[in-house]
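Feature annotations, reproduced from TrEMBL:
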ACT_SITE  A:Lys178  active site, proton acceptor
ACT_SITE  A:His296  active site, proton acceptor
BINDING   A:Asn126, A:Thr176, A:Lys180, A:Arg297, A:His329, A:Ser381  substrate binding site
BINDING   A:Lys204, A:Asp206, A:Glu207  Mg(2+) binding site
DOMAIN    A:157-464  domain 'Ribulose bisphosphate carboxylase large subunit C-terminal'
MOD_RES   A:Lys204  N6-carboxylysine
SITE      A:Lys336  site 'Transition state stabilizer'
Amino acid sequence: MDGDDSKIVQGAERYKAGVLKYKQMGYWIPDYEPRDTDVIAVFRITPQDGVDPEEAAAAVAGESSTATWTVVWTDRLTATEKYRAKAYRVDQVPNAPDQYFAYIAYDLDLFEGGSIANLTASIIGNVFGFKPLKALRLEDMRLPVAYVKTFMGPATGIVVERERLDKFGRPLLGATVKPKLGLSGRNYGRVVYEALKGGLDFTKDDENINSQPFMHWRERFLYCMEAVNKAQAATGEIKGTYLNVTAGTMEDMYERAEFAKELGSNIVMIDLVIGYTAIQSMANWARKNDMILHLHRAGHSTYTRQKTHGVSFRVIAKWMRLAGVDHIHAGTVVGKLEGDPATTKGYYDICREEFNPMRLEHGLFFDQDWASLNKLMPVASGGIHAGQMHQLIHLLGEDVVLQFGGGTIGHPQGIAAGATANRVALEAMILARNEGRDYLNEGPDILAEAAKGCSPLRAALDVWKDVTFDYTSTDTPDFVPTATASM
Amino acid sequence: MRITQGAFSFLPDLTDEQITKQVQYCIDNGWAVSLEFTDDPHPRNTYWEMWGHPMFDNPDAAALMYELAECRKVYGDQYIRVVAFDATHGWESVRLSFIVNRPKEEPGFRLARQEMDGRNQRYTTISYAVDKPAGSRYA
Amino acid sequence: MSDVSTEDRPETAQAVDLHKEFESSGVKAVLEDLDATLIGLAPVKQRIRETAALLLVERARKQMGLAHETPTLHMSFTGNPGTGKTTVALRMADLLHRLGYIRKGHLVSVTRDDLVGQYIGHTAPKTKEILKKAMGGVLFIDEAYYLYRPENERDYGQEAIEILLQVMENNRDDLVVILAGYGDRMEKFFESNPGFRSRIAHHIDFPDYSDDELFHIAELMLRDLNYTLTPAAATALKEYVALRRRQRHFANARSMRNALDRARLRQANRLFQANAGPLDAEALSAIDEPDIRASRVFRGGLDSDPEPAA
């Protein structure tokens, strides 16, 4: 361990048995220019006291690629320079003196095509437990087109989903059936029918509705499809319900998905906790069976929410676009769950754009070309109601599913009335927006006008007028200071 | 029964002035607007009859409103919708669609059930209107 | 009426400053631009100023609730070819747009062939297509009298005329139609089609340009193309103008454009054949006397030469 640490040790000297600094092993190359085909990751690193940030970055590069804690002679049997990840840039995080953004480039040959499991095993494999770091967070990734092209992407995509549903020019409306737990299949279907007949496009199983003692999955599927078909005939409009096929094994999931297909459902649902490989398998199944695939991001907050450690949700969103789901919960900003407006916009950009330009203010560290992979419909769900319609459209745009669970089922005049209130509010706001009105500022007036001809909307506005969730976000961009939107 | 296809079916029927504004919004976005009509509003009836081609070169909504007046003269007793197409790469499909004319009476749909194996049902949605031959459905 | 409060009629203006409106609407700018960039045409400019004033007042009256109907804005532009009718129509479209009488302000310029079809059932869709394209702007129909061919009873032009008249009446908010052509022929056209006469509110006659004006127009055209006339060429061009006017197919400014196009061709040939080594910008830009005098206009014009007139 003698001499200048910043100097790369080469040749026989490099592979002498012992322990070298990562920088000396060639994992820190400040003048490296990433190639178009490199996968690039940016990590937020918090080194242990006294650890040089460049050495920490090199360590992350090493541990997420070829290195092990000691020198191995078998490296010399390989084109090791190629396989070594290269940390090439370390920037201090604004307003956080102990944290650094480390940029690391990985050669494309390090990854198996079309496998999120393989990508993640490298990038977030062992390295997150590495002792010289207090904390480590994967902030963003640049996926080269060459790699993007090895994935099929969303099975359906926003455009084809809209074509299948014959719904254009407005956000879609959904609701999660409540209560989450305890309804029998028969009672559950009642909620679905009322909500769809009242004006929603979709209803949704909650993430933990699978097949429990109170309701076997087949009961749920059968009653839900009765409700969907009845609502379709009652309105002349296509309806759907996300049948959650999440189960203990792939075999069970396939069985449930096949049954959903047999019953004529246009959409099935899975939870993020089933794992990346299972998600990709279900995406393949969905593609083969003309099915829209809804993903509930159950569990993500365990690793996405804290700013210093874990994986940013923007990275999860990128992986899910590659993996091939059609819907993903991506935050509401104004609702009950975590979501800073600028950071959330970044997630939505990742889902919906053909090309993401670098936008540090939205937390996007890189240009990302999606190479015509289908677009992914973001879903806003959790603590939102009709009175926020102008804000939701302003923040989230038109290609989004707005899910009003409590805001539909908790309506004082009943579920159908709750659904109608949401739909009328939505249509009135889109009409006003298209007419060129300043709908964000005139929003409450537009809603009040629409409510004159719609007593369910009037009731909804009265009941929920004061409901807001105004807490400081934990996951905010580092480049522009913001707080959660205050309503 | 009021069918709720299209973007604005939950609002009172749009006035011509309101339709004009929506159409101008579409044109200003570079979308081609067109009219389609049908006497069979089944939710899976994708291809309504076209009233002329989409208007690719008309900068003002008056052009569509002129055709709408003509279309209503002939098919005023049927469903007519405005459809706006966006040719931008990555979309290349409909951007907005909304109903601008309805028959006076909307008879709606019947749901037919066929009992299958086990408890499965096979569902079929049938427009009451198509019980009558084409041309006399809303007479 | 004094008991009607402003609250009841919030849209009604109480007073109007015409001069302010004149400036803020941009009408002033359009008229100034017209003056600055169009040579001659004094009577035309005068008529446009009058029309603009009328429309400005009409707009103010509407704002005050004194007028309700959209005034008839269809026009006829009569005059010989090359007298600036299309150019003025473009400015008129701009003017009407700034005054809020048309929503988009574009000009769609057509002739009979664009409106009238070749077989049964062809004309109506063709005419409607053009009308729809023009909606929000101005439809300019050049040599409008060709729509009407009394010698052929079953001419499809009649169908176009009927649709045109209908739209001119029913869609006055949506488009303005300008019919253009020779004065005498337009007069005959209106006699046989009184429907048009009654729907046209503004007649503007475009006189021929004087020799001086034409010479000046030619100079401006050359300046725009970065060419210059040598003094001898300028003299030749003045003679050319006087001669050309008396020959066949004279088309005012358009004849000047054609003459200059040919002069540029001759200049290029002259430079090429002289083969006099490197040429500077001045040499490449100068139109010289022979480039003008080679025209057969100096040799009796079209009748003396099989080439088409220039």
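Each Cβ is built from the backbone N, Cα and C atoms, and glycine gets one as well.
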What whole-number Å value do you get for the CA-CA distance of A:Ser381 (substrate binding site) and A:Lys178 (active site, proton acceptor)? 13
Around A:Lys204 (Mg(2+) binding site), how many other C-beta atoms are within 10 angstroms of its C-beta? 28
Most Cβ neighbours within 10 Å: which of the recorded positions A:Lys178, A:Lys180, A:His296, A:Arg297, A:His329 is it? A:His296
Beyond the listed site residues A:Lys204, A:Asp206, A:Glu207, identify every same-chain residue whose Cβ lies within 8 Å of the center of their Cβ atoms for the Mg(2+) site. A:Thr176, A:Val177, A:Lys180, A:Asp205, A:Asn208, A:Ile209, A:Tyr242, A:Asn244, A:Met269, A:His296
With A:Lys180 (substrate binding site) as the reference Cα, tell me which of the recorded positions A:Lys204, A:Asp206, A:Glu207, A:His296 is the closest one. A:Asp206
Using A:Lys178 (active site, proton acceptor) as the reference point, find which of the recorded positions A:Asp206, A:His296, A:Arg297, A:His329 has the shortest Cα-to-Cα distance to it. A:Asp206
What subset of the binding-site residues A:Asn126, A:Thr176, A:His329 lies within 10 angstroms of A:Lys204 (Mg(2+) binding site) at the C-alpha level? A:Thr176
Specify the nearest of the recorded positions A:Asp206, A:Glu207, A:His296 to A:Thr176 (substrate binding site), where nearness means the distance between Cα atoms. A:Asp206
Would you list, in sequence order, the recorded positions among A:Asp206, A:Glu207, A:His296 whose CA lies within 10 Å of the CA of A:His329 (substrate binding site)? A:His296
Per DSSP, A:Asp206 (Mg(2+) binding site) is which: helix, strand or coil? coil
Which number gives the other C-beta atoms within 10 angstroms of the C-beta of A:Glu207 (Mg(2+) binding site), all protein chains shown included? 21
Confidence summary for the domain 'Ribulose bisphosphate carboxylase large subunit C-terminal' (A:157-464), mean pLDDT rounded: 95
Which one is it, among the recorded positions A:Asn126, A:His296, A:Arg297, that lies nearest to A:Glu207 (Mg(2+) binding site) by Cα separation? A:His296
So among A:Asn126, A:His296, A:Arg297, all listed as recorded positions, which is physically nearest to A:Asp206 (Mg(2+) binding site)? Use the C-alpha atoms. A:His296
Taking the Cβ of A:Asn126 (substrate binding site) as the centre, count every other Cβ atom within 10 Å, in any protein chain shown. 11
If you run the three-state DSSP split on A:Asn126 (substrate binding site), which class comes out? helix
Pop the Cα-Cα gap between A:Asn126 (substrate binding site) and A:His296 (active site, proton acceptor) into the table, whole Å please. 26
